[in-house]
Amino acid sequence: MSVFAHPDFDRHEQVVFCHDKASGLKAIIAIHDTRLGPALGGCRMFPYANDDDALRDVLRLSRGMTLKSSLAGLALGGGKAVIIGDPHTGKSQALLHAMGDFVDSLGGRYITAADSGTGDAEMQAFAQRTRHVMGASPRTTLDGSIASGDPSPSTALGVFVGLQAAVRHRLGRDDLAGLKVAIQGVGHVGLGLARHLKAAGAELWVADIFDANVQQAMDELDANVVRPQDIYGLDVDVFAPCAMGGILNEQTLEVLRAPVIAGAANNQLATPEIGAELQRRNQLWAPDYAINAGGIIDVYYQRIGGAAAQADAHVQGVGDTLREIFTRSAASGEPTSVIADRLALERLQAGGESRPEAFKRQAS
């Protein structure tokens, strides 16, 4: 199938297939839109079953980054990279350097950062071959916990703030004490979200395909552990997907009971129709690229040399954006997914002249 005929091709500006014979690197970089600025998006490493799965992921993720940056009021476009391989066994220094070379070959049109399967070490390896990488330089993250460029604490904070907004809108409560939350995936971001929720008094149920992750959540946070296939059907207040995308689909909706869905995973809706079905069922969905924008906000402030306090205030604005989405959805009866797309595209089509009301205070 031609890339241009692919169902997830959405007028992407550039799609680059990368193959390095010496290291065995196979990767794809997709640049969706650069009207607001250079395309910034993470580099994901995952053992995709086939090339088409990788292409589908990078096309969808790069489009999501365009909308995420637009909705967050950032002067950035949308891009993404995927490396086809096992992140636990497939990372050689030669492969990482080859990936850095491919990023550099685009001349700054695409800026990479950490994502699922990559982190500080990979960004530092990329930085040996290109300056178009974020998160490679040590600094104190927003919560003050790690001297690194890792933006995941900021992503977790934004998701927590957004989850609070969703709970208030759907359940009419500000106090999270006793709130029952099921978290799917307790890696860097999921565990960070779990820490915020535990500190607020919530009760936690977690699932992850990696035993070490659930063991840490259980030992550190006294979380209840369930099998990955059982996380959807729990009788909880909030379902927080923080792993891979496409998990809200016809099969999972048959058992999903939570009235609020708010988590960090990208591309949560398997199809656009799922958003309308959630609206019909009165299950409030926090659009993924709105609620998980904390990471790219953090990276943006790293890029411009902004202070941590500025970034922190901007991340807090995730809640304001979601409140606007929920209010508009309730007034019009349209799914939150439709409202979020409309808000993001309005700014994108205006070429960056306007920005969401929630973030106008950033410029003041």
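From the backbone N, Cα and C atoms, a Cβ is placed for every residue, glycine too.
Just so you know, TrEMBL annotations are computer predictions that nobody has curated.
What you are looking at is a predicted structure, and each value in this text was computed from that prediction instead of being measured.
TrEMBL lists Lys80 with the feature active site, proton donor/acceptor. What TrEMBL records for Gly185, Val186, Gly187, His188, Val189, Gly190 is NAD(+) binding site.
Overlay of TrEMBL feature records on the structure.
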residue : record                             : Cβ within 10 Å
Lys80   : active site, proton donor/acceptor : 30
Gly185  : NAD(+) binding site                : 28
Val186  : NAD(+) binding site                : 31
Gly187  : NAD(+) binding site                : 18
His188  : NAD(+) binding site                : 22
Val189  : NAD(+) binding site                : 29
Gly190  : NAD(+) binding site                : 28
Next item on the list: Compute the C-alpha separation of Val186 (NAD(+) binding site) from Lys80 (active site, proton donor/acceptor), stating it in Å without decimals.
Entry: 23
Checklist line | Length of the line joining the Cα atoms of Lys80 (active site, proton donor/acceptor) and Val189 (NAD(+) binding site), in Å | finding: 18
Check: Once Gly185, Val186, Gly187, His188, Val189, Gly190 are set aside, which residues in the chain still have Cβ within 8 Å of the Cβ centroid of the NAD(+) site?
Finding: Ser152, Ile183, Leu191, Gly192, Leu193, Asp208, Asn213, Cys242, Ala243, Ala264
Item checked: Local backbone state of Lys80 (active site, proton donor/acceptor), from DSSP in three classes -> strand
